[in-house]
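Structure first, commentary second.
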Amino acid sequence: MRFKALLRAIFRFRKTNFSILLIITYAIIIALLVFDRSRYKLDLPNATSDKLRRNLLEQAWSDLQVITQSPHPYSSRNNDVVHDFLLQRVKNITRSNDNIYIDDDYRNKSSILFHQPDVFNSTSKVSRVVYYESSNIIVKVVGSNNELPALLISGHFDSVPTSYGATDDGKGIATMLSLLNHFSSSQPKRSVIFNFNNNEEFGLLGAYAFTYHPWIRDIEYFINLEGMGAGDRAVLFRTSNVETAEIYKKAVKSRPFGNSIFQQGFNSRYIGSQTDYKVYDEYGLKGWDISFYKPRDYYHTAKDSIQYTSKESLWSMLNQSLQLAIYISNEKLIKKSSSNPAVFFDLLGLFFVVVDTKHLFYADIFMLIVGPILLMMKAHLDKRRRLERSRLVQLRLLLSLGLSVVFLLLLTKSLNSFNPFVYSADYRTPLTGLFLLFVTVNYLIVTLAERLNPTESYKTVAINQIFIIAWLMQLYITLRMAKSDFTLTGTYPLSIFSGCLIVALSLGLFGTKNKAVNDAPNSSVRYASSQNDEDNPLPSQDRGENINQVRDTGNQEVTSNTNTDLHSNAEEVDERMPLLSNNHIGDSGKMDKNSDFSKHYNWIVQFLCIVPISSFIFLFSLDYTLDAIHKMVQETTDDVQLICIIITIGVILLALPILPFISKLNYQSSVIIAIIGVLLFGKSLVMQPFSEIAPLKVRFLQTVNQHDISKSSVSLFTAKDTPIKEMIYDLPSVKSQSTLVNCTVFGGSKICDYYGLPPNLVDSEGNRQNKNLMKIEVLKNDNNDTQRSPYAPLSAEIKINVSENRVCSLAFWSQSSKQSPVKKFSVIKSNNNNTNSVSNSIKYADGIDEVLIHKLDFNGAHHFSIEWLPNIPFDLDYDPVIDGQGDNNIEITVACFTGEADSLSVVNGHPLKKIPAFDEVVKYSPKWYTFTNRDRGLVVIKDKIQL
């Protein structure tokens, strides 16, 4: 009997029991989170037992070291160095294999001219045409079964001008070389095609170029390898549908890592970047986007280098890609009839879960229907049991939750006022502090209400009301799911939470049969404060229990303390018993001994149904989301608001599972929680938002003044309220020349302009001012032809000469037309016999606003022609002879981009940095700054012409 009494004491709904269980639950969840985030560091293949994979990793690491020796954007000569290295590596790997074919776009002089919407801004209405000369290296490993469609593996070898490209996308390229090495020695059943593509960074152009290659017609599946962070683990960002998600699940048995929350981030455009996955997906291929996703403040900066990454990080991509590629290339894949998007996530890298979004939609509808039915049944049974709960009890959770939300909003607002960029340095500290304070306020309000109006029914009422809140959220999500054609793949945590609540409600209803607890008419039994549980930890068989029995008589409430002996083994009769029970008090006043189960275990079963699973899913999902995007606060203050909204919603969702039980939190635990919450929130208020390991990323662009190169303006872009102006005034060149710094705020961003050190863009002797960097020649202009018919299209032929340049843009503007009058653009190339001919031409009836030109020749001119329509007034009486011709003039703004970090020019025999202004901000700014490019190059040369 002593053992039985001990068990009852352990599992009673007591403050100590609940507090211990809550602490254990969160300790386990946090330990699992730490384990999940750091486990990849322990996963390197063993050099003895797994020699083959270890050799692949070591070779990939060596390749990565070579690729990342210097920045290598498409516009640089180092880009050609990387291209040549890759081509030679591919030849060395495949030299002894007759089933492998290599195609080099550089050698083939492949080029494309096409109309392209803005891939990074889906809301842009700019009509853009792109001319691109490709240097992709394409390799085909012919499979043994020609009937199987091919697999494409793609990655890009260019970097941005400010980055060494270790993660973006050197690891992807090194992984591809290792995969090619594997398939060259082990012929796959399915042909595998590798696209080592160029110029992904500024338009996904290497992938677009591949869509014009004849081999793409053989492909059905693709794996895109990308880096949108600068290290850590590679994640399955997105995949085409349920079929491809299931393939990943079957293929990647060792350390799967993916979450469809990232996929929804792309679909909803919360993630502004894009990858080549977009191109292949729009072409109609089915595939996987495997990418690194953090840290974003190293992304596209000099810290995206070998120094700041690791073999463990490289292996996380190589391991997933190798498993997936081997499985796809050697299996006859079974196609599913469903092409719906998939909800997917891994569990600690041990299991991978895949759910059809339409199936999740049906499950949500089922829960939306079943939930209210359960609540109505519960209300009916409460009525039969004559349980009458006062309105104060009904309002208790709503009051505590409402006041806590107001308090939470005040805290986040104060944090934004005092330290808005703290989330960039550490989002977990403010998140934890806000969560603990939110729980503390709920605890205080509920405890105070318990003292004023004691009740044992709070848990049940709170579960019901939280389910109603979850039901409303689920209804909103389900309606959005239907409108979005089932593309909402990141809302599954709410579905899991609702499912947990329904299970908890069902246990209360269907655990046992229904009997009235008290047959006395118009009576209800209520306990005094729940603190009484602490007073009698081990109830005696010889002792009755003190019951605060309340009877309603008209409008009067009569209370009497009665020492009632229900049974020698019985304890309180209270709301902790299930609603449907075999264990009841009959007319004899006796209770069945089986009531002990419902009395002592009901709350703990409900706790285990709701809290661990929901808290685990909410915490992991929230941490993944914030881990990926918390650095966005550096972009604009609008992103600060977005992060705050996510944290606020996340805190509420994290707290909801424990609120029904919060009244049983003991005093000691509540004090500790409050103290830790205050300390963490206080730390968040004073924490330095930027540091060497969590730097502020600033975007750089220098605009050359051709008339006076010493007046070349430097523009630094960052979020509003960052201390960028003070840093600029501390630069040696600014101080020595007393240069003015002009900062302008637009939206949530800030741009600061000043005259920086002049660039050294080309090798030169004598005057180092680099005059005539750009020369625009108009070779032909019909607008000046007086014999031209006023109704005939106008045309012009133009040549732009820019030394050491590959990339230019043209913007067309006409004062007389809202829409661009330019309808045709043609690229003109020189032939071997010194004659010119049109190599590519495109017409676009809606008008061309902008043309981007990418050529591989550094010193050749940008030579092109355009056609535009004359301005003809919409007047039937219009006569061009009498009234004269309309305004047919157009303005062309030419911008040519050049320059990459660490590059040199020889001026008067001395090697000098090409962009000393950039070198200056890197060298003399505090160590918690890091810099990246604002545009296609670090330097832009601009000019205008009128036609």
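Even glycines carry a Cβ here, placed using N, Cα and C.
According to Swiss-Prot, H156, E226 bind Zn(2+) 1; the candidate from D118, D168, D218 that the record adds to this site is D168. Record check: Swiss-Prot places D168, E201 at the Zn(2+) 2 site, and the matching candidate among H72, H300, H359 is H300. Checking the candidates N17, N801 against Swiss-Prot, the annotation N-linked glycosylation site falls on N801. Two recorded stretches are said to be in contact when at least 3 C-beta pairs lie under 8 angstroms, sequence spacing 6 or more; the transmembrane segment (392-412) and the transmembrane segment (642-662) meet this definition.
Most buried of the glycosylation sites N92, N121, N319, N801, judged by other Cβ atoms within 10 Å, is N319.
Each residue in S159, V160, S163, G165, D169, G227, Y299, D304 lies on the same chain as D168, E201, H300 and has a C-beta within 8 Å of the C-beta centroid of that Zn(2+) 2 site, without being one of the site residues. Mean pLDDT for the topological domain 'Vacuolar' (480-489) in this predicted model: 91. Ranking the recorded positions N108, E201, H300, N319, N784 by the distance of their Cα atoms from the Cα of H156 (Zn(2+) 1 binding site) places E201 first. Here the binding-site residues are H156, H300; the one with the fewest Cβ atoms within 10 Å of its Cβ is H300. Put simply, D168 is the one of the recorded positions D168, E200, E201, E226 whose Cα lies nearest to the Cα of Y299 (site 'Transition state stabilizer'). Under a cutoff of 8 A between CB atoms, and with a sequence separation of 6+ in the same chain, the neighbours of N46 (N-linked glycosylation site) are R54.
Using a 10 Å Cα-Cα cut-off from D168 (Zn(2+) 1 binding site), the recorded positions that qualify among N92, N121, E201, H300 are E201, H300. Listed in chain order, the extra residues whose Cβ falls within 8 Å of the Cβ center of the Zn(2+) 1 site residues H156, D168, E226 are G155, G165, D169, G172, E200, E201, L225, G227, M228, T275, D276, S291.
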